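See structure below.
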């Protein structure tokens, strides 16, 4: 067991990410930016392999890890957010101020050429991590970690309700925070239950419902790849959840993944034929999107030949 095995311990560290090529090309380096990274263990950080690696280290240690694509596939999304923060921008507002044609092509791009390449073709990566500081919960702002299990479970429906209200008001960013807090409460309690037994499964069902609500907000915020990531996680664990396929299908439509979208909507109808009308509407949107894209591609390549 590493130096810290409990959830909600904050770690501060420097990281360098490199390709596994002959030059060991550096993708990101927090020392070059000048600001170390901070994450809270167990707080739904997208790149969960970092939590595992950091949990095996001691303060002051510098360690290098080689990670396969099964662990590095989401790295471009994480890197985009970190670069946006380093540039002093909101990590989720990158799409809001683009419009028209620029917005259409933004779905294809993370805004950084090297990350787009990695997104298209995930690769194994080297992570060089330097653990600088470990803070116990009492040493930083106390949030949901400070509650007892009973208080956590009582907080879940309250947070859920607040999230739903904010969603209806179109305040999607704020709604995601409420859903995330509720999920964290559930996951904390769930770690004390035995996996796949009845109490654990009840909590899992609650967490999945909240995660799908979270994904609905992300769809509205145009964070399509993140929706695909979260819904795929749910589908891999629980292949019978209709809403997960439906939301993933909608996200695939937005990034022009035609075959994947059709496959997901077909699965929706297999699981719930009553959703025929909703699926028909989504397929009509998909057909329109693909026609628009084909027209744009024709115009784009017309001058090349």
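Even glycines carry a Cβ here, placed using N, Cα and C.
As the structure is a computational prediction, the values presented were derived from the model and not from experiment.
Feature annotations, courtesy of TrEMBL:
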DOMAIN    11-133  domain 'AIP/AIPL N-terminal FKBP-type PPIase'
REPEAT    242-275  repeat 'TPR'
Counts of helix, strand and coil residues, the repeat 'TPR' (242-275), according to DSSP: 30 helix, 0 strand, 4 coil
Remote residues contacting the repeat 'TPR' (242-275) - C-beta distance under 8 A, at least 6 residues beyond either end: 107-108, 208, 212, 215-216, 219, 222, 224-225, 227-228, 231-232, 234-235, 282-283, 285-286, 289-290, 293
